[in-house]
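To start, the structure under review is shown below, and the notes come after it.
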Amino acid sequence: MEEDINRLIKKIKKGDHLAFAEVVDMYKNGVYNICLRMVGNRQEAEDLSQEAFIRAYTKIDKYDVERKFSTWLYRIATNLSIDYLRKKKPSVYLDADLPGTEDFTLKSQLADGEPLPEESIVNSETQALIQQEINQLPLKYRSAIVLKYIQDMNLKEISEILNIPVGTVKTRIHRGREALRKRLRHVNKG
Amino acid sequence: MSIRGEHHLACSERIIQLMHKVLDGDATTDEEDKLMKHIETCERCRKHYEELQTSTSLLGQLPHPNPSLGFTDSVRMRLPSNRKPLVGGWFTRHPVIVAAAIFMILMSGYIFSTWNDNSFQATVDGKGHIAYRGNTVIVPKDEVINGDLIVQNGKVKIEGKVKGDVVLINSQSLQASAGHVTGDIEQINKLVSWVWYHIKHFFQIIF
């Protein structure tokens, strides 16, 4: 896999669009889900993911082949999402929190009829509720929590993606977990 | 608050730290046993630990939907066509050098073309009248030129006054003393000084 990606990157550096399309197909789910859980909206996540890939393409010369490609790419996606949320006006936040909006997002999600992973047993209302609570987390905690529990990454990788020490990652995850505990304690599984 | 309650607060800080250690997978078997033993007897800590477990397992159960079907194509459409060649990259990385080089090329082209122009020419950069006799420029007696006199490929005879510089380009002065010219008499007979004169003049115009 790592060898594959290095072979593709050599082609991309020469301007090979098809090679880059292969990379997009390999990582689009990961990039998209980071953005989706960070911003909590499908359309915005789609736009941000495209932006992340285009940025990766134009900055491919800056990618250090010695390091893991996914770490570099997820870092671009995470930073873009954080920048986007910081620039987003508070009024837009309010719109996103209006009752019904989440539900709408969710319905369009289900209408696409995409196969959901089998372990996904929480119903749609619960999913919307969880996302709503993620949206309430401060960005520092949110990014660490999303990488850990949505992308299932280890602390070392998260520290590289967020460019902070492992100890700080732990603190952020602990605080994020505590905040979610208070908010999600009344949610029934399933 | 009861004594029992205070006891809980005292233990909880340590125990909560331990809970996170266990959840991070950093705890030893002993530490894990210690937590399990504690939550068997402490109702509040057990609840706290269960709530942490519930919330993280809920996060883990969120679906991982795919982006739209046309996602990869949309990205491909938006990719910049053909990455810039090496030279193009160099040019965009050093805009100042490129601008300076272009300036030098245009400037030198202009200067050389005027140097190669061997025709006789005299101009007054200011106010005043001059007379001609063949290739000789004459500033008549009693005439005062308020400005610079520039003569190219000819001769100059100053009988009146020039309140400014006299610039002689490939030219010579037949009669000019300090009394006749208030400014400098500048003699330009070499290409280098010709270039220098133009550059100096150019910057005087700008600043």
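Note that Cβ sites are derived from N, Cα and C of the backbone, with glycine treated the same way.
Cβ atoms under 8 Å from those of the domain 'Putative zinc-finger' (B:13-46) belong to residues 52-53, 56 of the same chain, restricted to positions at least 6 beyond its ends. Sequence annotations record features per position, and here TrEMBL assigns domain 'Putative zinc-finger' to B:13-46.
Residues or ranges marked as transmembrane segment in TrEMBL: B:86-112. Within the chain carrying the transmembrane segment (B:86-112), a Cβ under 8 angstroms from the stretch's Cβ atoms is held by residues 194-195, 198-199, 202, all 6 or more beyond its ends.
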*Mean pLDDT for the domain 'Putative zinc-finger' (B:13-46), as a whole number?*
94
